[in-house]
Amino acid sequence: MKRQGKKGPQAMQVNSTLEEVIAAADGMSDKEFRIYMLQMIWSLKEDIRQQNQTMKDHFNNELHKQIQEAKDQLYREIEVIKNKQTEILEMQEAINQLKNSIENTTSRVEHLEDRTSDNEDKVFQLEKNIDSSARLLRNHEQNIQEIWDNIKRPNLRVIGIQEGTEFQTKGMSNLFNEIIRENFPDLKNETESQILEAYRTPNVQNHKRPTPRHIIMKMPNIQNKERILKATRERKQITFRGKPIRITADLSTQTLKARRSWNNIFQTLKENGFQPRIVYPAKLSFRMEDEIKTFHDKQKFKEFAARKPSLQNILGKTLQEEEMENNNENQQWEVGQ
């Protein structure tokens, strides 16, 4: 504990009175006070030495006087020590108060730790609820996607027919029949005039768009749609009035994205003779060990591949590259946030 004031022992007179010593001591730091005490002791020794010398010279006359002075000096020092004892007691009291304050602070810290622990539990529960909600949301989205895919499943998407052609053919049904006659004459009797509904998408034409809108044609059943798609794959080049067009399944944006996500794996499997196929709506199917394996979820496919060393050796590089691409996309998304 540092006393207030800047008066040091250098500023004190050795022969200071008791009141001056006490007053000076209150203004000293601990270090200054110790220096002062050492000076006082040294001064006392010097006085005793001088007194002894004087006693030798004036033993008979000064003996009683010197003894009395020594007693007086001793009483003064005892008084100083008593005063220091009082200060020590005060310091002890301050230490006790500090201990009590520390105990109170410790108690408050423990209380805060308990509250923090409770809050952490609440945060953990909230995170679990969020995860559960996220899973429910994904399940709902998947259910909606499946419903939407089922609605679109009988549909064909025709790409590349110029705007207004349906008016020239006097309706979508005649346009469809003309496509069948031009490309699939063997299917003419089975599929002609068998569309339930047809329309362009999007509904409103954007005249700034350089390409014509797609045409959605709803077939009466899935079998007819699959026959046309199979014939399309076999013919490879589909035309309308001599100009190339495309006929594909009508898939939602999410389903197309899911199908594209299999591209790298599909290509690797194809190059290694696994005869892969994309099964409606977005499942990967391939032949392995004389069995047909089908996967809807890529994570489950990765877990399956990890258990098959031969498959892991073939797909290891492809899966690693996909993982790096996903990490880069996630980092870019975080930076964008």
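Cβ atoms here come from the backbone N, Cα and C positions, even for glycine.
The coiled coil feature in TrEMBL is assigned to 64-143. The average pLDDT for the coiled coil (64-143) in the predicted structure is 83.
For the domain 'L1 transposable element RRM' (153-250), DSSP puts the residue distribution at 37 helix, 25 strand, 36 coil. The annotation domain 'L1 transposable element RRM' is assigned in TrEMBL to 153-250.
The domain 'L1 transposable element dsRBD-like' annotation in TrEMBL covers 254-315.
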